[in-house]
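Structure, as structure tokens:
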Amino acid sequence: MTRWVQTFLLLVAVIRSYAEDSCPDVKVIGVGASDKLTILRGCPGIPGVPGPQGPSGPAGAKGEKGFPGIPGKMGPTGLKGERGISGPKGQKGDKGDPGIPVVGMAQNCKEWLDQGASISGWYTIYTTNGLSLTVLCDMETDGGGWIVFQRRMDGSVDFFQDWISYKRGFGRQDSEFWLGNNNLHLLTVTGSFQLRVDLTDFGNNRTSASYSDFRIAAEAQNYTLSLGTFTGGDAGDSLYGHKNKGFSTKDRDNDSSPASCAERYRGAWWYTSCHSSNLNGLYLRGNHSSFANGVNWKSGRGYKYSYEVSEIKFRPQP
């Protein structure tokens with residue numbers, strides 16, 4: 001065997017032993033009957049060093065606008081800014097048109113009576129400007145139809161009140177109350193009204209006094225009392241001398257006396273200097289030793305007797 005053949009066989013054996021793990025590839029190419037050419041291809045070499053970056057290509061066309069992203073969470077509330085400077089005061093507006101009077105609704109207890117109501121109690125009435133009021137209607141006394149605006153009966157309510165309280169009204173529907181001077185003005189500002197005072201002493205003796213042309217002025221005139229004449233009643237007249245006087249309270253002195261009559265006689269009334277009646281005075285339960293500071297009616301039981309029940313009421317004048 002020639003040396004060339006031996007070399008060839010050795011190469012074949014080596015190739016078989018590393019066929020699965022090595023990369024060389026051996027090819028035998030026949031040239032002639034007696035000559036063979038062997039080609040051995042080796043493994044790939046180590047990668048070379050990367051070449052330099054080529055020049056940038058031209059900019060691509062602008063893409064379409066994407067969809068809006070999900071809104072983020074609201075941030076924390078910022079600090080409150082300082083109050084700005086007040087602007088100039090605007091001009092006073094024009095006076096509005098008068099409201100439409102309420103049609104078909106009772107404006108006093110007499111109208112309720114005319115519509116068939118016959119039981120004394122609390123009813124809703126309307127002033128000429130449409131204000132609704134709940135009032136006590138006396139449907140029995142002297143033909144009925146009276147609005148009761150003052151009642152004393154048990155001493156459960158303090159009547160030594162200030163101006164604002166008498167303006168707005170106070171008390172309880174089931175016992176003692178004052179309807180309110182502002183309401184009295186609104187209810188008597190139009191028309192003519194009769195006034196009636198009903199008194200009951202602790203012996204259950206009942207007396208009364210009546211007057212014509214009752215009216216109460218506005219607050220700007222201190223709720224001045226207007227009266228016509230004394231028209232009768234067995235209690236006698238202890239109010240006519242108070243006509244044309246403003247209303248006085250412990251904190252608003254409109255009387256003719258150097259001192260406050262309201263403070264001195266513990267009440268609130270159309271005092272002169274000072275009074276012949278004091279039906280908003282202290283509830284002293286009959287005879288009392290103090291002078292003129294009870295629920296007094298001079299022409300009735302005098303200055304030292306405080307009545308058990310007092311009711312002051314009015315209705316349209318026939």
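First residue shown is number 1, and so on along the chain.
Cβ from N, Cα, C; glycine included.
Here the structure is a predicted model, which means the values were calculated and not measured.
Counting every protein chain shown, the number of other Cβ atoms lying within 10 Å of the Cβ of D255 (Ca(2+) binding site) is 22. The Ca(2+) binding site annotation in Swiss-Prot covers D253, D255, S257 and is backed by similarity to another entry.
Under the heading carbohydrate binding site, Swiss-Prot lists S273, C274, H275. The Cβ of H275 (carbohydrate binding site) lies under 8 Å from the Cβ of H242, C261, Y265, W269, A292, N296, K298, each on the same chain and at least six residues away in sequence. Under DSSP, H275 (carbohydrate binding site) is assigned to coil, being neither helix nor strand in the three-state scheme.
In this view, C109 (disulfide bond) is surrounded by 26 other Cβ atoms within 10 Å of its Cβ, with every protein chain counted. Sequence annotations record features per position, and here Swiss-Prot assigns disulfide bond to C109-C137 (among others) based on sequence analysis.
Secondary structure at C261 (disulfide bond), taken from DSSP and collapsed to helix, strand or coil, is helix. All protein chains included, C261 (disulfide bond) registers 24 other Cβ atoms within 10 Å of its own Cβ. What Swiss-Prot lists as disulfide bond is C261-C274 (among others).
According to Swiss-Prot, the feature domain 'Collagen-like' maps to 42-99.
If you look up Swiss-Prot, you'll see N205 (among others) marked as N-linked glycosylation site, on the strength of sequence analysis. Long-range Cβ neighbours of N205 (N-linked glycosylation site) (same chain, at least 6 residues apart, Cβ-Cβ under 8 Å): none.
In the three-state DSSP scheme, N222 (N-linked glycosylation site) falls into the coil class. Positions annotated as N-linked glycosylation site by Swiss-Prot: N222 (among others).
Summarising the annotation, Swiss-Prot assigns N-linked glycosylation site to N254 (among others). Using a 10 Å Cβ-Cβ cutoff, N254 (N-linked glycosylation site) registers 19 neighbours.
In three-state terms derived from DSSP, N287 (N-linked glycosylation site) belongs to an extended strand segment. The N-linked glycosylation site annotation in Swiss-Prot covers N287 (among others).
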Structural state of C137 (disulfide bond), classified by DSSP into three states: strand
Shell of the carbohydrate site beyond S273, C274, H275, same chain only (C-beta within 8 angstroms of their C-beta centre): D255, S256, S257, C261, Y265, Y271, T272, S276
S273 (carbohydrate binding site), number of other Cβ atoms within 10 Å: 11
Count of other CB atoms lying within 10 Å of the CB belonging to N287 (N-linked glycosylation site): 12
Any further residue of that chain within 8 Å (Cβ to the Cβ centroid of D253, D255, S257) of the recorded Ca(2+) site: S248, N254, S256, P258, A259, S260, C261, A262, Y271, S273, C274
Winner by Cβ contact number (other Cβ atoms within 10 Å) across the recorded positions C137, C274: C137
